[in-house]
Amino acid sequence: MMCSSLFQYTRVWIPDPEEVWRAAEIIKDYKEGDPILHLKLEDESVILSPVLLLLTYTHLSLLHILPQTLEYPIGQKDNPLPFLRNPDILVGENDLTALSYLHEPAVLHNLRVRFLESNHIYTYCGIVLVAINPYEQLPIYGEEVINAYSGQNMGDMDPHIFAVAEEAYKQMARDEKNQSIIVSGESGAGKTVSAKYAMRYFATVGGSANDTSVEEKVLASNPIMEAIGNAKTTRNDNSSRFGKYIQIGFDRQYHIIGANMRTYLLEKSRVVFQAEDERNYHIFYQLCASASLQEFKDLALSNAEDFTYTSLGENIFIDGVNDAEDFEKTRHAFTLLGVKDSHQGSIYKIIASILHLGNVEIRSERDGESCRISKDNPSLHHFCRLLGVEQDQMEHWLCHRKLVTTAETYVKSMSHAQATNARNALAKHIYAHLFDWIVQHINKALFTTTKQHSFIGVLDIYGFETFEFNSFEQFCINYANEKLQQQFNSHVFKLEQEEYMKEQIPWTLIDFYDNQPCIDLIEAKLGILDLLDEECKVPKGTDQNWAQKLYDHHSSSNHFQKPRMSNTSFIVVHFADKVEYQCDGFLEKNRDTVYEEQINILKASKFQLVADLFQEAKEGSTTSVTTSKGSKINVRPVKPSPKPPNREHRKTVGHQFRNSLHLLMETLNATTPHYVRCIKPNDDKEAFSFDSRRAVQQLRACGVLETIRISAAGYPSRWTYMDFFNRYRVLMKKKEMASGDKKVICKNLLETLIKDPDKFQFGKTKIFFRAGQVAYLEKLRTDKFRAACIKIQKTVRGWLQRIRYQRIRKAAVTIQRYGRGYLARRYVEYLRLTRAALICQKQLRMVRERRAYLRIHRAVVTIQAFTRGMHTRRLYQEYLQHHKATIIQKSVRGWMERKKFRRARNAAVVIQCAYRRLLAKRQLKQLKIEARSAEHLKKLNVGMENKIVQLQRKMDDQNKENRSLNEQLSTTNASLVAEISKLQKDLDLMRSRQGDSNQLTSLQTELERLQAEVQEAHSEKKRLEEEYRSEKVLELEKENSVLKEEKEEMNQRILQSRNMEEAGLQAELDAERQRYQNLVKEFSRLEQRYDNLQEEVSLAKVREFHPGHRRNPSNQSSLESDSNYPSISTSEPTFSHLLQEMGLDKAAMDIGVFMKLQKRVRELEQERRRLQTNLEKMEELAKRKNSTSEQESADLAYNSLKRQELETENKKLKNELNELRKAIAENATKNSNSPSSEVQDSYNVLLSQLKAANEELEARKEEVLILRTQIVSSAQQNVAANHSVTCLHYLLLSHFLSASLCFYPMDSSQTQDWGYLNEDGELGLAYQGLKQVARLLEAQLQTQTRQHEDELEALRTQNEMLREDLERKQELISHTLSLSPDAQVEFSIQQELTRLTNENLDLKELVEKLEKNEKKLKKQLRIYMKKVQELEGKQSPRQPELTRQVTVQRKEKDFEGMLEYNKEDEPLLIKTLITDMKPHNVSATVPCLPAYVLFMCIRHADYINDDQKVHSLLTSTINAIKKVLKKHNNDFEMTSFWLANTSRLLHCLKQYSGDEGFMTHNTPKQNEHCLKNFDLAEYRQVLSDLSIQIYQQLIKVAEDIMQPMIVSAMLESESIPSLAGVKPMGYRNRSSSMDCDGEGPGGYTLVALIRQLGQFHSTMADHGLDPEIVQQVIRQLFYCINAITLNNLLLRKDVCSWSTGLQLRYNISQLEEWLRGKNLHQTATVGTMEPLIQAAQLLQVKKKTSQDAEEICSLCTALTAQQIVKILNLYTPLNEFEERVTVSFIRNIQGRLQERNDPPTLLVDTKHIFPVLFPYTPSALSLENLHIPASLSLDFLTRV
């Protein structure tokens, strides 16, 4: 922006050859006409020499450098005034059009600041997204980022490729118009990656609706196209060498249904030639890297360096790329797209053949006009083998060609150069056709038969290119960019025009660059392409002739130039730059010539794929597929298959490219385009390195600066009236703000501030400003703030000075006071010391006299003490002698008495022995008599065999022990004999040495001396021991204290570790619960998917069979799929179909067999539960009873087995009674016409058979029980015997089963089917019975085996526990022996009391269980008897007394709290209570009334022991609830209502289940209401899963309601008025994509959000939902608020400011206040908001010094390091008085946070759901007192 006058301190931009533009500041005012502008560089560095400046910028040749200053010459034409700089507040804006001064240096500086300081790679420039390649993987493309951008307007979040994709997706859905995303840029700028992420966004947001994985296939095309179309260049390691346009199709629900790809101008020359440090296409290197695989052995490949076509670049590797791994991805992508393995193998063969073709060696002949190929050339052999062609023919035609004339045909040899060119042309031709074939098959894989409603196209095309050597490819690329730039310019101009017309402001035609003349130069008649095609038609046309024609025709064009030093090149002035093209090779590349003979050989290949590649197609043909619904998808290759060269009208490459480019432009013009311009920041591929010169070149070439120029020519700055008012109301006066109309206020203000009316315009909703006016308004605003600040500073400084004076005066007064006090205290101290001296003298004299007195007194006392002591010792000696005499007398008298007692006791013992001997002789005589009897012998023989074996083993052991003892004794005797002989020898020696008596006396004296020394040594030892003991005691006391301290420390550590372990276990529990609930959620999703598929199938059937409408069977449930637990009802529809297909006669037998099998399954399940219960009981019994005898164990095992058999038999009897009842009912219906006597007779026969079966059953069961008891007792002693007994048991059981088979009712159809065996059907019955017996025996054998294994395991466990108990008792014995006798007695008594108490409790518990079981069995028996009596009463009217007896029994019991209903009323019950139930219908009754009513019905079904009724009611209930929730899947009230009822029904099933753990809080009456017959644990699990599903649906519904409110309420609404300031906005302002004339969607406030939370809470409370579940729901909703708000904060720069932090903290405090009001502030809900609280604090704290960095690191513990750095990078001051966060401070923060192990994610997972926990909450409601309102229409229910 130029100005006529500039003032001091104005900041400007000046040109620079290195950095392009440099910042400077004017140090002297400039007036219009001054020749010199005095500047100072911002960094105070010295600019480069004028010589270099002269070479680079000729207009700076007069530049002079002075110390610290710079003189910048100003001229009218050459050197205009420098560009002005934007205010710092605008630097780093998301949108370049928001800058007040729009020009090149401002754009470059803004991009540089965002890229280097904030690490932001995306920036808006009007409608263009500028993307700078960071050359580094950034964590900004995860699924959580996609979710954050989904549904957001383009200006709401920070610039991102996802924002552009979302804008295209939203406009497609809103405007129903096709969209296009045009991605362009230089090679290495990141075009392919940007296009890939855009496609990934569409695949995620618009995923297919029917799980066909279309989006995965769309993404799978990327690795394939990168492998066959991308290569390494000097500028990019993964450069796309072709252009592609991908159309992603959507249906009417905007789900992806398919895609189509078009490609443009593949660089075929790269197949045969690569420049230095470049590579061929990736697929060649991937295939060579995988050559060692077994399936690729036939390809005869090796290292890529061994092939000519892959080693020309001299560098076959790319840093950080593994070709083998990439090849696996490519193969996986082929498989995902449905390419067969055979086709993949053919593709790899063709690619390998190209490599071998490049290695074919062509040798020149001596004449130089011909060449040849060796016969044994291995490369040619591999080439022909892989392509399936004749080697001789290919060898011939690689060195010869055919010339056809009108008369005859010649075969001519080719020179070495011609043959080499022909070989390379063939290689390029093969690869190009393979490329087209792969693209065609990718399109087929992405093709769909569904009608396409709309599409979004993604264009990934090459950017403008200029190299040192530019050929035909660069010419076509730049031609395409000219066309795209023209379309871009017209679209930008059109948008500007539409914006002005929409706002109804006057506008003038904006002059913009039109590149139509350059396009005409290329594509018009007699243009460059036309002349090129004409020269190609000339038989001997050359590149030089074509260049001369160009000079002749276009030398007068402004866009065409001829180089001075060359006659074979030309220059085209493109919109971006001048490019010089070398003409060499243009004609050859345009012709794309390949010899017909070589193609014919390939057509004759024996491989079908190779032959198909080169089949001729009709010119201009397109492959189209038309679906049944009329949709049509065209698959157009960029160029058709090449024709033979002798055809006259064959299209050239340039002609084909021009046609495809026109087709592309037509497609783009028919869509709404979105532009992404990729910028390459440097040529060295360094991460976050910015080269300004390279960036400016690309900005000029890609049209970004043209967009800036068009915007700057009009009104680039645009403000809504409200934003302008909020920002600049500080410039208004109070009286000006009196008006209520904001538009009028803004108009008056602008007319006052800006005098030139052309500088702004008033639109309908916005104010438009010329460039620089916003900066002027910002300056006025800053001046106003500065003046206010000065006034505030003046006032504050005066106040500070006054405070300082008052403080000094107060200090002086204080000093005076303290001085006077000090003098007074000194005088008082003198007086006190004088008085103290007198007192000291007095006391000293007194002490001296007292000491003399005390010395005399002490001497007298000592003399008295010695005298009294002597007298006392004498008396003590006398008493001691008397006491010793007494003790001697006592001992003598006691010895005499004991001697007398022993004599008398011995006599008594002798007498007793004699008498007992007499009695023993008598008893022995009697026993001998009894021993002769047979009965006694039998008793003795029981177990005698085992005892004999044991005694035999014992004798063997004793014999072994005797032998070992004898051996030891003999050894000992031998040693003793030797020792005795040795001692005898020593004795003899001593006797011989014995001397005279003198020696003996001397020895005695010596012995006495030694004894004295020994005594002294003993006394010394005792003394030392006492000293050591005392020292040891002290040391032990110290150690004890130390150990106590260590013990306390260890206890604390143990407590801490325990707490940590508990926390870890809790976390693991939560994680496990989360995984389980995720599985439940996935299961519900699959259920929903299954329902949808069923509906689709049913609709398809309806469409297919519309003329003949057919209903489903009435017994088939439409909600079968909702049942997720094993049941019979799920199989009923299958039986109905079988009945229809097979007929009733044949199906009856199968149904009966199935019912029996089902009954057997139930019995096995009950047996399994019983075994599990028995195992637990055995374990408890083993723990509590460790020392019981074998007889007691056997009795206990017998009793338990007896009880188990009774229970099993009871259940079987119940099933048989049900079958008998059904059979009788059927017979009654069949024989309704026969006399009643026949019915009664048949019934009596059945009863007699039943009694006989019962008697036989009891007899057999007794035998089985005896055998089982023997098995238990002898299981560990004799395995073989156990096996035999078990077999006997099975034989007996089979006999019993065969005997009882006759009681199964047989149908007549079975007799007829088996009639061919015997006319009575006996053989068939026998055979069927044997089969059933075999099955039952097999099942019983398996059950018995499992039971035996369980018993063995239980016995092992019992043995281990007995061993542990024995060890424990041994420890107790050792501990008891270490005690004193009194303590031993007390300890033994305590242990005995404990044992007796435990045994007593165990016995009581066992008695209670037995009594409870007995009562239950008696009750069931009474019920069965009652049923039998009722049945007899119905069948026999002649016995009325039986009916009366049943009635009397029914009156005896009072079953309250139950509801009875008929089976046929069940659908009406479900419809009334669930399907048609509305929450407001029961709002005035007890909460969860439907759950109570359903449970009371279940109780009655349990009371009458009707398992089918229980199962049917629970299944129907669950399915109906699922159906209602599916219908009202967006209704929070309905979802909350059924969550409350489902959880209450679950609690009722637990409360009344009979389990002791759930009965602790029940009343006695409630305990009487417990279920009696059924264990509904499985249904409790199903209801628990259903509750989890409803909870997740409730959370989803609530989040969907709250999500649009959160961002507006938490970040945008002004809860604190006049706090937030609005910054200048650019083209992408808020709600830019919304078609609304109001203020946009920002109408939600914090009050509305809190009100919505209150509605949720009150709704859940009214429905009676458990408070714990309500807390979990509120916690989840607060987590959602935290996640969405924090994610928006991390992705929006406009809200990262100090005022937003204050506003956010206030909003959070309001939410916390709401929690306190609901008594939820003590829960974990507050903790979910901690990250958001810390983010708000981070926005408010200081961010300057290292101390601030340390405080931030210690403060933000709930935020990750990436989130902290991101917020600091986004932090933006709202005015000039705030400071930005410096880069060094951010680096400091990053260094401090490196030690953290934070997850690498930036955003919070908004879809995370905490694992829900449903705590058991019993109800205090009495079921018998429950009132059911009449409005529910439940009259068919009877209260029981």
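Glycine too: its Cβ is placed from the backbone N, Cα and C atoms.
From the options 132-154, 661-683, 684-706, 1466-1488, the stretch TrEMBL describes as region 'Actin-binding' is 661-683. Remote same-chain residues near the region 'Actin-binding' (661-683) are listed as 111, 115, 125, 127-135, 161, 164, 167-168, 171, 175, 177-191, 194, 198, 235, 245, 262, 264, 457, 459, 463, 479-480, 483, 487-488, 491, 636, 689-691, 694-695, 698-699, 702-704 (criterion: CB distance under 8 Å, separation of at least six residues from the stretch ends).
Just so you know, of the binding-site residues Ser187, Thr192, the Cβ with the fewest other Cβ atoms around it within 10 Å is the one at Ser187. Here the region 'Actin-binding' (661-683) has, by DSSP, the following mix of helix, strand and coil residues: 9 helix, 8 strand, 6 coil.
Close to the recorded ATP site, the chain also has Asn133, Asn236, Ser239, Gly463, Cys678, Lys680: residues not among Gly185, Glu186, Ser187, Gly188, Ala189, Gly190, Lys191, Thr192 whose Cβ is within 8 Å of the site's Cβ mean position. Its Cβ taken as reference, Glu186 (ATP binding site) is surrounded by 25 other Cβ atoms within 10 Å in the chains shown. Among the binding-site residues Gly185, Gly188, Gly190, the residue whose Cβ has the fewest other Cβ atoms within 10 Å is Gly188. If you average pLDDT over the domain 'Myosin motor' (91-782) in this model, you get 83. Taking a C-beta cut-off of under 8 angstroms and a sequence separation of 6 or more, Lys191 (ATP binding site) has the following same-chain neighbours: Val183, Ser184, Gly185, Ser240, Asp460, Ile461, Tyr462, Gly463, Cys678.
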